[in-house]
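Here TrEMBL flags 1-47 as domain 'LysM'. Look at TrEMBL and you will find 56-348 tagged as domain 'Peptidase M14'. Per TrEMBL, the feature active site, proton donor/acceptor maps to Glu320.
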Amino acid sequence: MKHIVKKGETVKKIAYLYNIRPFDLLLFNPHIYAENSYVQPGMEIHIPAIQAEQNIITDWDSQTEFSQSDLEKRLPDLKNLGIRVEILGYSVMNQPIYALSIGSGKKEVFYSGGWHANEWHTSKFLTRYIHELATFHKKGELMYGYDVTKLLQDVTLYVVPLVNPDGVDLVLQGIYPDHPFFKEVQHINKGAKRFEHWSSNIRGVDLNHQWPAGWEEEAKGSPQIPWARHYSGKGPLTEPEAQAIYRFTMEHSFAYVLAFHSQGQVIYWGYRGLEPKESKEMVHRLSIVSSYTPVHTAESDGGYKDWFIQETGRAGFTIEVGVGTNPLSVESFAEIWSNNCVLALKGLTL
């Protein structure tokens with residue numbers, strides 16, 4: 001059997017799609033050297049005729065990567081659970097930036113993830129979180145001790161799981177001649193063939209350095225040209241992904257925001273002393289249920305959380321999930337989920 005690789009697919013995703021081990025896939029495809037080798041759209045892969053006696057994957061979230069194509073596959077199921085889906089805008093490569101929402105309360109809360117290309121675990125986490133939240137709500141059951149039905153009468157939760165879809169695809173599939181930004185990305189990456197270190201969008205702009213809160217100061221100490229990380233852009237809010245989040249934030253009156261990143265197992269909660277006094281108690285409550293360490297400031301500027309605090313005077317938090325080097329391994333998801341699912345529930349009660 002032959003399989004033609006689609007956008008967003010990886011060796012692991014394809015192997016588990018056919019209920020075989022990645023090792024078996026490599027044996028029958030000598031042009032693929034390792035589990036982390038890039039497989040790119042249009043590539044032909046041979047699928048061995050191996051019949052597993054039982055499903056070899058029992059927890060998709062803990063054994064595979066996550067990208068825009070995975071989010072889009074889950075949208076019908078999310079809608080069936082009563083989750084509302086809208087498109088905020090489009091990425092540089094014209095991929096939709098999706099917002100998911102649930103609840104009917106007057107208090108609006110905003111969670112976001114997938115800001116950085118090599119932090120796709122945050123997108124997977126938020127997608128699973130809102131799915132489980134809706135599932136427990138539909139069943140009328142407690143979720144880890146929380147009455148989600150009552151919570152969602154008081155709160156409307158908005159979630160953007162994947163701010164940077166183009167960048168995540170680059171980290172997971174690499175670059176190839178038919179890619180619209182092949183030359184630009186090759187130039188930025190100095191011809192290097194791997195992209196695990198890439199956190200920017202496809203144009204080499206760091207989407208969490210794009211915000212008009214000390215942008216000039218942050219830009220001075222960052223790369224001055226498009227780069228795999230930390231380039232702030234030619235000015236604040238130049239990138240369509242950042243513009244989409246900006247418009248969305250301005251259209252709402254969020255009581256507070258949580259921006260999920262990786263890694264470090266810390267929670268940043270302040271910005272230049274502009275945060276409201278209650279932020280300290282709020283971050284303490286998040287810390288208690290997650291075991292993550294509160295840190296007042298990251299000693300940096302230009303982030304979404306920084307701008308939100310400065311712009312609104314309300315609380316904002318950056319949650320750094322997991323520990324290690326980005327991109328974290330697929331196995332890291334178990335820790336990320338167990339330490340953050342209750343944090344995200346507590347986040348509805350602050």
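Keep in mind that glycine also has a Cβ here, set from the backbone N, Cα and C atoms.
Heads up, TrEMBL stuff is auto-annotated, nobody curated it.
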So if I measure Cβ to Cβ from the residue listed as 'active site, proton donor/acceptor' and keep only same-chain residues at least 6 apart in sequence, which ones fall under 8 Å?
His261, Ser262, Gln263, Gly264, Gln265, Val266, Ile267, Tyr268, Tyr292
Please classify the secondary structure at the residue listed as 'active site, proton donor/acceptor' using three-state DSSP.
strand
